[in-house]
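Only one structure is covered here, and it is reproduced in the block below.
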């Protein structure tokens with residue numbers, strides 16, 4: 001039994017509250033255990049200069065933490081005058097992950113800005129950001145469909161992320177909180193689609209190595225968690241969930 005009473009393959013309690021920010025085209029508050037992240041999606045009718053004239057859209061992300069999202073206060077990066085390497089890595093991860101399940105050509109020359117703001121951190125902030133940002137993105141693009149700006153929802157599959165690790169005492173565990181992450185021999189972030197395809201795997205040993213068998217167990221455990229997260233996403237999105245992949249399926253049948 002883990003310190004918070006969970007079994008090895010159990011997620012922390014997950015809650016996704018949609019339409020959390022009234023001004024954003026899409027927004028959620030995602031809570032996974034004591035980790036809480038506000039995710040918003042903003043649509044701009046333009047693309048970065050390097051994409052102009054190409055007929056494709058773009059999805060990019062920004063990520064940040066409130067100073068007291070953590071146990072000790074961390075100064076805002078704006079006050080330091082630069083973005084940390086960790087923040088840059090997470091921003092790129094979120095953007096890459098979301099672009100993997102969106103038909104950018106169908107989006108047209110629009111940019112969707114994803115903003116993930118961690119208001120309380122207890123492990124898994126980047127994976128919570130991806131899982132919440134996906135819902136915010138679908139809400140924003142669904143609004144464009146409702147307004148007649150898009151013919152159909154340009155999202156071909158679901159997307160979610162979670163963490164797994166190898167605990168010195170408990171072995172392979174799912175959805176690490178901060179204390180578990182700090183003592184894990186191996187920790188890994190996994191991003192997957194609803195079809196069970198991998199989008200990203202980030203795994204490292206901390207003064208330790210791991211075997212192929214352990215890797216397979218880590219990935220299997222992550223997939224179990226991600227399937228549960230996608231079930232929650234479906235429930236939150238309601239009728240909009242049925243539209244995901246619809247255009248892609250129709251095009252496949254017509255070929």
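Note: Cβ is positioned from N, Cα and C throughout, glycine not excepted.
Database features, via Swiss-Prot:
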BINDING   86, 124, 125, 126  phosphate binding site
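Considering only the residues assigned to phosphate binding, 86, 124, 125, 126, the longest pairwise Cα distance works out to 14 Å.
Taking the mean position of the Cβ atoms of 86, 124, 125, 126 as the phosphate site, the remaining same-chain residues with a Cβ inside 8 Å of that point are 63, 90, 118, 121, 123, 127, 128, 129, 189. In the structure shown, the C-beta of 126 has more C-beta neighbours within 10 angstroms than that of any other entry among the binding-site residues 86, 126. There are 22 other Cβ atoms within 10 Å of the Cβ belonging to residue 125 (phosphate binding site). Within the same chain, residues at least six positions away from residue 124 (phosphate binding site) with a Cβ under 8 Å of its Cβ are 32, 33, 35, 162, 163, 175, 176, 177, 181.
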